[in-house]
Protein chains: 4
Amino acid sequence: MERRKVGILGATGMVGQRFIQLLSNHPWFEIAWLAASDRSAGKTYGDACRWKLDTPLPKHIAAMTMQPNVPEGTVGELPKIIFAALDADIARELEPKFAAVGCAVISNSSAFRMTPDVPLVVPEVNADHLALIEAQASRRENGGKGGYIVTNPNCSAIGLVMALKPLEERFGIESLFVSTMQAVSGAGYPGVPSLDIMGNVVPFIKNEEEKMQEEVGKLLGRLDGRKIEMLDAKVSAHCNRVPVEDGHTECVSIKLRKKATREEILAAWNEFLPLQGQHLPTAPSQPVEYDDGVDRPQPRLDKMRGNGMAATVGRLRECSLLDWKFVVLSHNTIRGAAGAAVLNAEVLALLGKLDKLDVAVTPAVAVMA
Amino acid sequence: MERRKVGILGATGMVGQRFIQLLSNHPWFEIAWLAASDRSAGKTYGDACRWKLDTPLPKHIAAMTMQPNVPEGTVGELPKIIFAALDADIARELEPKFAAVGCAVISNSSAFRMTPDVPLVVPEVNADHLALIEAQASRRENGGKGGYIVTNPNCSAIGLVMALKPLEERFGIESLFVSTMQAVSGAGYPGVPSLDIMGNVVPFIKNEEEKMQEEVGKLLGRLDGRKIEMLDAKVSAHCNRVPVEDGHTECVSIKLRKKATREEILAAWNEFLPLQGQHLPTAPSQPVEYDDGVDRPQPRLDKMRGNGMAATVGRLRECSLLDWKFVVLSHNTIRGAAGAAVLNAEVLALLGKLDKLDVAVTPAVAVMA
Amino acid sequence: MERRKVGILGATGMVGQRFIQLLSNHPWFEIAWLAASDRSAGKTYGDACRWKLDTPLPKHIAAMTMQPNVPEGTVGELPKIIFAALDADIARELEPKFAAVGCAVISNSSAFRMTPDVPLVVPEVNADHLALIEAQASRRENGGKGGYIVTNPNCSAIGLVMALKPLEERFGIESLFVSTMQAVSGAGYPGVPSLDIMGNVVPFIKNEEEKMQEEVGKLLGRLDGRKIEMLDAKVSAHCNRVPVEDGHTECVSIKLRKKATREEILAAWNEFLPLQGQHLPTAPSQPVEYDDGVDRPQPRLDKMRGNGMAATVGRLRECSLLDWKFVVLSHNTIRGAAGAAVLNAEVLALLGKLDKLDVAVTPAVAVMA
Amino acid sequence: MERRKVGILGATGMVGQRFIQLLSNHPWFEIAWLAASDRSAGKTYGDACRWKLDTPLPKHIAAMTMQPNVPEGTVGELPKIIFAALDADIARELEPKFAAVGCAVISNSSAFRMTPDVPLVVPEVNADHLALIEAQASRRENGGKGGYIVTNPNCSAIGLVMALKPLEERFGIESLFVSTMQAVSGAGYPGVPSLDIMGNVVPFIKNEEEKMQEEVGKLLGRLDGRKIEMLDAKVSAHCNRVPVEDGHTECVSIKLRKKATREEILAAWNEFLPLQGQHLPTAPSQPVEYDDGVDRPQPRLDKMRGNGMAATVGRLRECSLLDWKFVVLSHNTIRGAAGAAVLNAEVLALLGKLDKLDVAVTPAVAVMA
């Protein structure tokens, strides 16, 4: 089977590097186009990027020439599938341009997550929301063949909703409290200064509590025709940065609509296998893993479960205020960012939403280098 | 004014070292006796202890000879005031022996905190509970001149109750969540292995959630004759260890019995000056300091406020589930342990409870070394 | 091809866990026997061990029953090949027992490294020294079929000698300085207390400087019949512990016997491929990788090169005192410990030294569990 | 005694903050003027600065208005004494302007350290070099009353030369090797990204090895009329960044011109009291403290000795290549930066070099705020 060509927008940042890592040996996708800021265009990726991962930068990727970060002017063909790892402000400007020329934009940015006709999706949780793309103007106005934008949630929301979804399905969620301890890689590079975080805790991440609260509502919401009816539950988030490299740990207290026993909750997590049998390359075999160790999950030990795509849950115990307490952990730049987007793309492929894209843009004459 | 002689039981551990640091230049107290485990007796303190603080070990303390860790056999006179920094199991055995011979035992251990006739006290919060000592058998049976045990709370509970007390007084507390990020020094030395905590979070501290929940109830409870009526509020705690050396950070959501505005809450904290005018050497001038920085309090920057004795509060904002959210931080081995005990002793001195102690124990003949 | 059965002695410690990790999918070896301390015998490995690696403990290993840590009493058959990850004192007692009954003991301990008839080997550096085993009594007295002990060097010496060997071969080494910054995993578990190392440097590791200095001499020494003639070079080591989880970084200044240009040195490293073509599963394809980044090598980015088996060198520059300066880094528990031993075993297999072992020991009746 | 008014140029950076901390209660100096970048002028210091120290920012300093960072335009009077904590490029432009109008510029920058007529001084080491200021044009051309620039060395060189000076005096230094482990605060704020240094070592600091090597030569050089004759010794430095907040640790091997015993070396350090009896407020009573613990000095435990102004030495032992090995540690932003400059100013005051300065600059009309 021939692999589909894909591009990466924002390829030099922390999430961009994870895209490279996850896609450079992907069985369905092939990296064919890389772009970052204006000043990187024309350089090789190896020169434009300070590679910060502990697996080597593949040589053929290092040698690729960076393209302009707009649809026009690409040397060669613009891929139909664009993974985007841009800051929100830049995403707001650039992503629609790619959708407008016909690309499927698989975005990790917060820019359009709460836009009504943009699906905010974690495939195990709400793959049905992907139908929203048909409501996007770029798609409607092109006879259903136009481009679109699909988003995944904030790194702190993904692990949480994976743990919540099986509980919502079986028991209903009335309210919850979540207190996070988030890794520094979530702030990108250079990101958090070492003097701010070594041996320290910073009990604030800009806009993070707001994002978690509203994204949970949309992710667990119900698709009603062409719009999402938000989950009717109260969510209160406290977000903290801690001196951890990768892996967000979250303490959760939850009140369910229908009482559940410990065994019923464990069963809900254990039997939560919504993508089973689909053979998606990036999907973990057990999306929510419960670890019964007294002191688990921990970022250092558990973040790489399911190749970094599983959420690990532990310490289920009664809450003296709501019903139950537990801890959930997930890898923030794999499951919580690049891996989430790649899995979104795999589901879109499965649904045939990557097949009929009709990208129309005049490439540049190859004079750049 | 002559300084009162005091002893330190468990003098070589992390909290014991803080006792040395806080008491070696204390205007009211003078370190006259040191003890730790059996095997340290007879050694000098300098040889028995691996000093881990960043201020120098005073030379005259280093030269002191360690005594047996029981009342009997002391070379010279046993002080009437014993600060105790022992593990709970050992405290349960040793502290009553010192009380029985007539000493005021100012304990940092958890062993007797929840014992009905033992006061669990933070002077700013519930100094009136100290009256409980008169209910202790060793005291009653000696015409009110006998020894007694006084305790301070767990390091994770102290900062919290300091922030809560002004709110309880003015508005009443109905329920609260607290999620902690606790420093490694709270586990003593050697304590937490570096491989467990470097770049990691451990979402579990043995018995800590239980202690926080019950101690808050007693500390904010009401003295009713010779017993404490526990606070009638639901408290749900999530306790975590993070790679921070000193300073416990806690995220709190709270529901009040009477609605309060932001200004009323800030005023409650700001005007909380219960020890004002008493001139206690260790009491911070402002026990609860509110910092209006967006990202405060932080352990690295705020733990030493009030010489490590203040609780710093920040990020007061509305909670979508309960009423208000905030963050509180305090130094876990000063305010949360040794400093708390020293302040308890200062209040006992002020109340005259250190004056009439009648210690009867036969000292050893000085043949030990 | 059938895999050879192997045992792991000291299987629950940090290096023991790395043995499990490296051997549980090994194409030539199969884990058939596990032992640790007396008190673990009879438990399952899962119960006896606190697994600290970030890859999952394989389920079939977790279910294995721990055996006694002596040759006698094994339930079933004692494997002929024993990987040993014991503290020196225990190794001194136990390893000879296994050699005496006929086992090939592939040891990571320091106990016998400097014993004249025990080979101290890094296969890329001095595989020829393995001939020393024929001088061991247990081997001689059994017609060349008896057991033996083979050792690998200290974790701080391995990366260094890999970088030195190509220089010694081509130019000769007259003297060198090395200053190390060593990871905490080198001290095992629980090992270094977090209060000692978080945000700190400890400029001392017991016996480490002595070990580095003498082991380098033996490793780069010349096999002369049945003994090693030590390298005639002055080596001065400064050893430090730093808050790094895995990966030892070493700053080296070196004086060569024959002057060499930068290009000649780079060529020596680049062309150092002594195991090329042997198809050893654990051997890295490029044992010494030179990285020309200005700030490399770094533990976080480079420790996993060659699956943790390569030494990365960088910053080659002139020294104002000796001739050249450079930095070398290697993974201390893979290349520097368990991986080194596994590679030793692979070379022994290649040389036929694992074939004719004649292990004689009466197994226990299976009543243990 | 009235305190002399001083200004701080670069007052908002890490070293600038240390200047505030050290000078805000100084018995001889009074902070009267603060400046940083152009965009901070007109703001209060509290608004212009992100205070990163763990002692509170004094309220009267927080309220001060930032001035332009040039001599002209100051609201009120420009102080005669300017402490400067600027990046080298900016220092190169701004410091001479202040010297030109008559100020004594006490600089921490590297810009003019190696300029022949600028003294590079550590008072305990080479206070006599301060005579060089009379050779500066701004001073010569104003009848010995003009302004001048005085510098202190790089943070990595200061502790080293303090340990070396007593050895140079008594035995002579022929050559030395030094390998550093430097704290992140040495790179300023935001400085080192947390993703680069958490759990990592970076074996490179730009220009640091060159600075150490040449500054040691000048500091231990001999004043010969109006120029410094550099020390004739070979110095080879390896510089590394480690995850430590404050405190540079350095491993040294040294060859002396005259053989010395261990006792002679310890005596040289112990008896090194060049400023004794001068009553300088910032001078440590024992500039070089030897600690005989096996694992000392350590940044966490020893950096604050002598209020952060002492160098701690430990682990003196024989070197198998040169003569002796030892470890030296000093606080990089106190002894290694701001404290060094303050001590330079104190010595200048003692020498009368702050008395006759004749500063001529037209202040601005006070319309700024």
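Sequential numbering from 1, following the chain as shown.
Glycine residues also receive a Cβ, built from the backbone N, Cα and C atoms like all the rest.
Here is what TrEMBL records for this protein:
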- C:C155: active site, acyl-thioester intermediate (ACT_SITE)
- C:H248: active site, proton acceptor (ACT_SITE)
- C:T12, C:G13, C:M14, C:V15, C:R39, C:S40, C:S185, C:G186, C:N332: NADP(+) binding site (BINDING)
- C:R113: phosphate binding site (BINDING)
- C:Q182, C:R241: substrate binding site (BINDING)
- C:293-305: compositional bias 'Basic and acidic residues' (COMPBIAS)
- C:5-133: domain 'Semialdehyde dehydrogenase NAD-binding' (DOMAIN)
- C:283-305: region 'Disordered' (REGION)
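Only C:C155, C:H248, from the recorded positions C:T12, C:M14, C:C155, C:H248, place their Cα within 10 Å of the Cα belonging to C:Q182 (substrate binding site).
Under DSSP, C:M14 (NADP(+) binding site) is assigned to a helix (H, G or I) in the three-state scheme. There are 27 other CB atoms within 10 A of the CB of C:S185 (NADP(+) binding site), with all protein chains counted. With every protein chain in view, the residue among the binding-site residues C:T12, C:Q182, C:N332 whose Cβ has the most Cβ partners within 10 Å turns out to be C:N332. For C:T12 (NADP(+) binding site), the nearest neighbour among the listed recorded positions (C:R113, C:C155, C:R241, C:H248), judged by C-alpha distance, is C:C155. Between the alpha carbons (Cα) of C:R39 (NADP(+) binding site) and C:R241 (substrate binding site) lies a span of roughly 31 Å. Sequence-distant contacts of C:H248 (active site, proton acceptor), defined by Cβ-Cβ distance under 8 angstroms and a gap of at least six in the same chain, are C:C155, C:S156, C:G159, C:T180, C:M181, C:Q182, C:A183, C:G186, C:P299, C:L329, C:S330, C:N332, C:G336.
C:S185 (NADP(+) binding site) sits 21 Å from the residue listed as 'phosphate binding site', counting Cα to Cα. The CA atom of C:M14 (NADP(+) binding site) is located 17 Å away from the CA atom of C:R241 (substrate binding site). Per DSSP, the secondary structure of the compositional bias 'Basic and acidic residues' (C:293-305) breaks down as 5 helix, 0 strand, 8 coil. Contacting chain B by the Cβ rule (under 8 Å between Cβ atoms), the recorded positions C:C155, C:Q182, C:S185 reduce to C:S185.
A straight line from the CA of C:R241 (substrate binding site) to the CA of the residue listed as 'phosphate binding site' spans 23 Å. As a summary of secondary structure, the domain 'Semialdehyde dehydrogenase NAD-binding' (C:5-133) carries 45 helix, 25 strand, 59 coil according to DSSP. C:R241 (substrate binding site) has a Cβ environment of 26 other Cβ atoms inside 10 Å.
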